Structures are given as C-alpha cells and as structure tokens.
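If you check TrEMBL, you get these features:
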- CYS118: active site (ACT_SITE)
- HIS251: active site (ACT_SITE)
- ASN281: active site (ACT_SITE)
- 112-189: domain 'Beta-ketoacyl-[acyl-carrier-protein] synthase III N-terminal' (DOMAIN)
- 235-324: domain 'Beta-ketoacyl-[acyl-carrier-protein] synthase III C-terminal' (DOMAIN)
- 252-256: region 'ACP-binding' (REGION)
Amino acid sequence: MIYTRIVGSGSFLPSTVVSNNDLAKDLLCRGIHTSDDWIVQRTGIKQRYVADVDVNTSHMAVESARMALIDSGIDASDIDLIIVATSTPDCVFPSTACVVQSKLNASRAAAFDLQAACSGFIYSLSTAESFICSGKAKNVLVIGAEKFSRILDWNDRSTCVLFGDGAGAFVLTASYDCGILSSCISSDGSISDILSVSGHFDRGNVNGCPFVRMDGQSVFKNAVYVLEESARAVCDKACVDINSINWFIPHQANIRIIKMLSRRLGISNDKFVITVDKHANTSAASIPLAFNVAKLDGRIKNGDLVLIQGVGGGFTWGSLLVRI
Ligand code: UT7
C-alpha cells in the first residue's frame, strides 16, 4: 500500500504585525469604529500579519517552500508537481505555481494553482494524494499562500478585521510506512453567495465587487456543521476512533467556531492547535501555518495522528486524517 507522507513543512509570515489596537486606530481615522475587545470576543483574533505592497503571493509561497524543502531533505529538482492553493494569485496567468516553479528551479515539476478559497490547502493535499497513490508523481510540493489584504475592503469593519497574509508549505512523498489515512472534500455551490469576491475582469474593466463579502452568521453556522460532519466521516472511512487523534488542526477563522467544534466532537480544547489569535484568518495558508507552529514547538511528533480541516468560500470544505 502506498501512502502520501508529509516529509517537510515550512511557513512564511510578512514582517509587519498589525495589532487590533493598531487597526482600530487606523480605521477610526476613516470614521469606522471597532475595538480590540469586539475583535477578541467575537473571533479570538489579537493581531494579523500584513504584507508590504511589493511582497506578493508568490514571494511568500517561495519562502515557505524553501523552508519545507530544507526540512524534507528533498531537492527542488526532484519535485514532480507543485500545487499552490490561493485565492489571491499574483495575476490571472501564469499561475502562481509556475512562478514558484521557476524561482525554485524545480525544472521537472508540473505546476498549477488550485482555487477552493479557505479549503484550498485540503483540496490540494487531497489532489496531491491522488497523484502520489496513482503513481503519477512521487514528490509533490503543496503550498497555501494568500495576500488577502489585497482583496479586503478596508472600509468594511465586518470583514477587514478578520484576515491576514502568509504562506505555508508541505513536501509530500510516496511512502510504504505511513501518511494520509483518509481524506474527503466536499462543496455546495448553492450557497456560494454567503462568502465571495465576485469581481472579475471584463474587456478592461473590473465588473462585480473586488472585495470579500460575507454573511458571517451563515458562514459560521455552516462551518460548524460541516466541520463536525466531515471530521466524523474521515474517521469512519479510516476506521479510526476520534478519541485516538493526537492533534486537531481546523481552519483558523474564529476561535468560537473551533470551540463549538471541540464541544460537538466531545474532544478537549487542548488537542486543538490554535493560531487564529496571532495569524488571523489566512485562508488557504491557515492550516500549514498552524501545522508548522505545532511542529516547531514540539507538539506534533512522528507517529502522531493529526486531523486537518478546511472550510470556506464556494461553499467548500474537507478533512484529512494523517499519521505523521
Ligand atoms: O474563512 C472563511 C470562514 N469564515 C468564517 O468562518 C467567519 C464566520 N463568521 C464569523 O466569524 C462571525 O460571524 C463574525 C466574526 C464575522 C461576526 O460575528 P457575529 O457575532 O456574527 O457578529 P454580527 O455580524 O452579528 O454583528 C454583531 C454586531 C453588529 O452590530 P449591531 O447590528 O448588533 O448593532 C455589527 O455591525 O457587531 C457589529 N460589528 C462590529 N462591531 C465592532 C461587525 N463588525 C464589527 C467590528 N467591530 N469589526
């Protein structure tokens, strides 16, 4: 049996940290009221990282990928496929993945972007798993990278306080020992309007809204429901008792969603990796960023069973159970 194993991980955060108080002061200059209290109580977010104008998504993707490659011991020239999960590509085309391929000198690799909003990293891992298990690729680099600050309406306090920029990467390889045990990805396009950036180019104009628009309460309710359901589904698929999981890494959007999920699954909060306080919601980058924090601080170890989950625009969601 061939498994897809995570053999390296890396992350990148821009140098500028914006605290809730910094952001509240900045918004107040434009007559928009928010506060550290409101943001912390409703979301758990205390700060976010914001990339400078000249730092684009591919830059952050490359930095996280370099770290993951070093961690894996695999050379860029041995990578067969690069998938970049992003909703904020550098441009329409070439894909951000092709820019990354060139900057890494990963000359053998096929490269493409995958867009599934905040579920993009889970969708990409699941895709990578299919390539590896079918024998079409041996080594795959999967990156989640976002410059969400570009698509935020800084006059809309209900969304602009929620997101941040950053990138995270995994190097995956075929293994006979262990790796991904089960995965599932799902979508429901009939509720796409609850979270969207509808803007698009049309004959030289941008038609539609170029900013994130969200019905926060609908997203919240749907997120809790689908995260619980898909966590149970991947465990059933792999015949794994949910209580035997060492670490839960859900998409980092809101601490209240994570706490509600932990209650509904009957799993202690202590088993959940939380980075939303420091990174805010970095969309497709949130899972690898959180994973790397827990790996570097020694929580995630070889042999651990880890559940990772994404949910977001589309509406999309997915879960993946992996033995490290
Ligand atoms: O990555 C994709 C996944 N995204 C998510 O998972 C987001 C899910 N949704 C949420 O996390 C929450 O719904 C929010 C954090 C977005 C909002 O929390 P909420 O408890 O649902 O608040 P609300 O939208 O019901 O707003 C409550 C009040 C409103 O004022 P009124 O109408 O009660 O007077 C808002 O205008 O809070 C007001 N409000 C704010 N006040 C201060 C909204 N944004 C802010 C703000 N600062 N930044």
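Backbone N, Cα and C atoms are what each Cβ position is placed from, and that goes for glycine too.
Spacing of ASN281 (active site) relative to HIS251 (active site) is 8 Å (Cα to Cα, whole number). According to its DSSP assignment, CYS118 (active site) is helical. The separation of CYS118 (active site) from HIS251 (active site), Cα to Cα, is 7 Å.
For the domain 'Beta-ketoacyl-[acyl-carrier-protein] synthase III C-terminal' (235-324), residue counts in helix, strand and coil come to 38 helix, 22 strand, 30 coil, using DSSP. The 10 Å shell around the Cβ of CYS118 (active site) contains 32 further Cβ atoms across the protein chains shown.
Across the domain 'Beta-ketoacyl-[acyl-carrier-protein] synthase III C-terminal' (235-324), the model assigns an average pLDDT of 98. For ASN281 (active site), other Cβ atoms within 10 Å of its Cβ number 23. For the domain 'Beta-ketoacyl-[acyl-carrier-protein] synthase III N-terminal' (112-189), the DSSP-based tally of helix, strand and coil residues reads 26 helix, 30 strand, 22 coil.
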